[in-house]
Amino acid sequence: MALLTHFLACAFGMGSWVAINGLWVEVPLLVTVLPEQWYLPSYITIIIQMANVGPLFVTLMNRFRPGLLKEVAVIYAIVSLGVMACLLLAFLWNHTSLIAGTSHSVPFLILTFFLALVDCTSSVTFLPFMMQLQPQYTNTFFIGEGLSGLIPALIALGQGSGISSCTNVSYEVNITTGTETVESTIFRLETHYLPPKFSTLIFFLLMTAMMLTCLLAFFFLTRQPKVWELSQQHLFPSNIMLNSFDQILHEGADSQLSGGCSCPKDPKGPGDILPQFSYSLTKLTLIYLIITWVSALTNGVLPSVQSYSCLPYGHTTYHLAATLSSMANPLACVVAMFLPSRSLTLMGILTMAGTGFGAYNMAIAVMSPCPLLQQSQWGDAIIVLSWVLFTGTLSYVKVMAGVILRSRSHSALVWYGVLEQLGSLLGALLMFPLVNVYGLFKSADYCSLQCPA
């Protein structure tokens with residue numbers, strides 16, 4: 001019976017952010033089809049921020065009208081919505097509509113909002129429900145939450161990148177000289193994408209199956225015996241967009257963006273009493289500034305320009321950068337689980353290192369479509385490695401901040417969540433106009449690039 005409950009808790013946690021994590025790793029294929037093309041990541045980033053109205057609504061209702069929202073009913077509603085949104089996305093993701101004379105993937109963007117609404121709201125509903133079960137199942141829940149980032153990345157790797165090739169395409173043109181019009185044929189190199197090993201339809205159906213598994217797991221978990229008092233279990237941070245401003249944060253769970261990250265905030269085991277650590281106001285201010293800065297980079301700034309940073313090196317490079325960096329997130333949290341640290345010096349060093357990798361990624365995006373080492377395998381390898389190290393180092397920094405603030409007080413974690421969300425929001429709001437309105441980043445067809453040698 002206990003083993004079955006562990007499995008159910010894992011499957012339940014897996015559904016928390018699997019839809020949006022899956023969406024991010026599928027973006028390298030989507031940008032080749034959807035009309036938004038290289039703009040697509042910035043659209044997804046801002047849509048996820050808009051979806052924070054879900055957890056904000058739940059938190060405010062719990063604060064001002066406690067008991068009005070039934071926790072189990074809310075979870076049933078949002079997970080069912082996630083199943084339906086994933087299923088519709090599988091069939092409607094490539095449908096487009098004209099808005100002001102421009103083609104847009106309206107169904108995809110609307111369904112992305114609902115998926116983000118489901119996943120963001122899970123951050124303030126799933127964990128309180130798990131507190132009703134025995135403490136040992138909370139650990140398993142966070143293992144499943146980590147799998148919500150890892151499994152889609154593995155599926156995307158198995159799907160392949162849809163390898164591209166440069167093909168000569170002929171065009172018939174009419175050339176007028178004086179009174180005579182002559183028909184002529186011209187040739188131009190264009191990028192043609194070979195199909196992946198399985199289609200985007202199958203990918204989103206697999207995401208639907210995972211959400212459905214989460215729904216069934218929750219159904220059976222509601223039939224398990226409950227413990228009607230909060231445990232002293234050390235809660236883990238999950239790598240999602242919004243932090244709970246309510247009881248979840250008070251119990252030490254923090255959230256970040258894409259990729260499930262599950263690792264303990266404190267190295268001690270369940271039931272231990274947390275030691276209190278004293279930090280000066282200057283050190284606390286530094287920690288909070290780091291949280292805001294790191295959240296802005298990882299949740300808003302860099303995701304918006306990943307296409308410009310990677311696509312100039314080719315579609316395969318973009319695919320590897322997106323999937324491997326998604327996998328780096330939970331792996332960084334596994335490292336933090338076994339090697340937790342409260343060293344502010346190490347946090348500062350890793351923040352500077354991660355910022356350096358992010359600066360390189362941003363510089364390459366600014367140089368698009370003709371970045372450094374474009375025609376070299378070294379350029380491909382460096383940009384993929386830079387994205388992996390950027391995600392991995394700053395994910396570890398977030399965990400370190402959680403460890404430090406968890407050992408100080410519960411209210412310190414509330415400010416962690418507030419500043420993390422503020423940084424994420426500011427990063428997304430900064431980048432959206434730069435990418436989509438002012439056009440500071442340039443795109444081009446890979447095969448028709450005419451870059452200086």
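Numbering starts at 1 and runs along the chain as displayed.
Yeah, the Cβs are placed from backbone N, Cα and C, and that goes for glycine too.
Just so you know, TrEMBL annotations never went through curation; they're auto-generated.
Per TrEMBL, the listed range annotated as transmembrane segment is 141-160 (candidates: 141-160, 241-260). Beyond the transmembrane segment (198-221), the same-chain residues lying 6 or more positions past its ends with a Cβ under 8 Å from any Cβ of the stretch are 5, 7-9, 11-12, 14-16, 18-19, 22, 26, 29-30, 33, 75-76, 79-80, 82-83, 86-87, 89-91, 93-94, 129, 133, 148, 151-152, 155-156, 159. Within the same chain, the transmembrane segment (317-339) packs against the transmembrane segment (381-401): three or more Cβ pairs sit under 8 Å, each pair at least 6 residues apart. No contact links the transmembrane segment (105-129) to the transmembrane segment (413-435), because fewer than 3 Cβ pairs that are 6 or more residues apart lie under 8 A. Looking at 73-93, 141-160, 381-401, 413-435, the range that has the most CB pairs within less than 8 A of the transmembrane segment (286-305) turns out to be 413-435.
Below 8 angstroms of C-beta separation, residues 15, 19, 30, 34, 54, 58, 105, 107-108, 111-112, 114-115, 117-119, 121-122, 125-126, 129, 200-201, 204-205, 207-208, 211-212, 214-215, 218 of the same chain, each at least six residues beyond the ends of the transmembrane segment (73-93), sit close to that stretch.
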